[in-house]
Amino acid sequence: MTRSIISLNSGSSSIKFGLYHLEEQGPVHVAGGKLEGIGTAPRIRIHSDTGEILLEKSWGEGTKDGGAGLTHEPLLSELYDWAHDHLQDHAIVAVGHRVVHGGGRYWAPRLIDEALVAELDTFSPLAPLHQPHNLAAIREIARKAPHLVQVACFDTGFHHAMPGVATRLPLPRAYAARGMRRYGFHGLSYEYVSARLATLDPALAQGRVIVAHLGNGASLCAMRGGASVDTTMGFTALDGLIMGTRTGMLDPGAVIHLQLQEGLSAHEVESMLYRRSGLLGLSELSSDMRSLHASDDPRAAEAIESFVWTAARQMGALMVSLEGLDGLVFTAGIGENDPVIRAAICARLAWTGLVLDEAANAANAPVISSPESRVIVRVIPTDEERQIALHTFSLTQPFMDAAKGDS
Ligand code: ADP
């Protein structure tokens, strides 16, 4: 019987997932998709590797609160049941999860047990938008299928070897001992893109490269020889670039002002900085870049201008960490699909000798810089689910070998 694994990337309002068969050479993708709109109007779409739609469903009429009342757990349960039925003669043997925060203790992917989940829960206040949902998915799978091996893959992991100077927060030292340091996030995406770049352009991968992960969440990673040496997210995933609903870097005095002068509670400030700021806060229209492009409201244009300015400005900072720049890689929803944003960011970097090939950029081509450009600019689609599958495969393999030996 062929063995299969599921990769789960469980966020606040969506769950991305992939199904893989375990072949000798590694995980082979067979299906994937996204469950979106959790908490409002849930809908799921699953497609095969050849693009065929295998399942399309939305929870509206006739469901509790028209679907809005459905939490992660029942939706995940339905997704698991679908995978189980769909795979028929393939046994699901493991589930790999994206876990946003590994704290100061965990960076390498790990097998999950109850004690680990309890410890990871203590990091939830550090990633309130993500960690509770990551752990809810682990608990739900453990409840439904207690026999499965589960693997935690940490978003902080890729950055754990950053130089000390990139990890320190300038607070009284005692707080560092209590875990207050810069961690960095989007590590599974960066790990995947770093490996892809090593295959596509080994010489560039050895050099000084900034990878721009621009999605709803957005960050930059400075890589030298494929390893992270600096990144824009820090202690939490709130730092760095302007995001869909998050502020990114913000004067800490503004946070104090909101509480002391504007009278907001700490929880109200937290909710505002994570959920009502960024592109949404600036535009008062949408957190979604496509909607902002489609609008002729001047607030949408200003939100886009700020997004671009902040991204380019922080690229400048990472160039100092790298002592130069050989390559720039765009990835994630905006990075992979939005030539307007890429062109605007690159225009602000023209002083580095970066020259964009406009036609290649418009076509989302793999290389979008001109031959004469001093900086090579690439578009590399990310695949966090595949990275989770690769880690899950390596950690699950010993069990499989043992099982083979038994039979
Ligand atoms: P998440 O962080 O939720 O994984 P994604 O990587 O899917 O986010 O990115 C979502 C963002 O990408 C949204 O702002 C969306 O508008 C933008 N995006 C996705 N596709 C396109 C596209 N074809 N053109 C422009 N923007 C896009």
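Glycine is no exception: its Cβ is also placed from the backbone N, Cα and C atoms.
Annotated features in TrEMBL:
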type: ACT_SITE; residues: Asp155; note: active site, proton donor/acceptor
type: BINDING; residues: Asn9, Glu384; note: Mg(2+) binding site
type: BINDING; residues: Lys16, His213, Leu214, Gly215, Asn216, Gly217, Asp288, Met289, Arg290, Gly333, Ile334, Gly335, Glu336, Asn337; note: ATP binding site
type: BINDING; residues: Arg98; note: substrate binding site
type: SITE; residues: His186; note: site 'Transition state stabilizer'
type: SITE; residues: Arg246; note: site 'Transition state stabilizer'
Of the recorded positions Asp155, Leu214, Arg290, which one sits closest to Glu384 (Mg(2+) binding site) when you measure Cα to Cα?
Asp155
Return only the integer: C-alpha distance in Å from Glu336 (ATP binding site) to the residue listed as 'active site, proton donor/acceptor'.
20
Taking just the CA atoms, what is the gap between Asn216 (ATP binding site) and Arg246 (site 'Transition state stabilizer') in Å?
9
Under DSSP, is Asn216 (ATP binding site) part of a helix or a strand, or is it coil?
coil
Round to a whole number and give the Cα-to-Cα distance in Å for the pair Asp288 (ATP binding site) and the residue listed as 'active site, proton donor/acceptor'.
23
Cα-nearest neighbour of His186 (site 'Transition state stabilizer') within the listed binding-site residues, Asn9, Lys16, Arg290, Ile334:
Asn9
Using a 10 Å radius around each Cβ and all protein chains in view, which of these recorded positions has the most neighbours: Asp155, Glu336, Glu384?
Asp155
From Arg98, Leu214, Arg290, the binding-site residues whose CA lies within 10 Å of that of the residue listed as 'active site, proton donor/acceptor'
Arg98
Per DSSP, to which secondary structure element type does the residue listed as 'active site, proton donor/acceptor' belong, with helix, strand and coil as the options?
coil
Hey, of Asn9, Arg98, Arg246, which of those recorded positions are within 10 Å of Arg290 (ATP binding site), Cα to Cα?
none
Do any of Arg98, Leu214, Arg246, Ile334 (recorded positions) have a CA within 10 A of Asn9 (Mg(2+) binding site), and if so which?
Arg98
Relative to the Cβ position of Arg290 (ATP binding site), how many further Cβ atoms are located within 10 Å?
12
Which whole-number value in Å describes the distance between the Cα atoms of Lys16 (ATP binding site) and Arg246 (site 'Transition state stabilizer')?
20
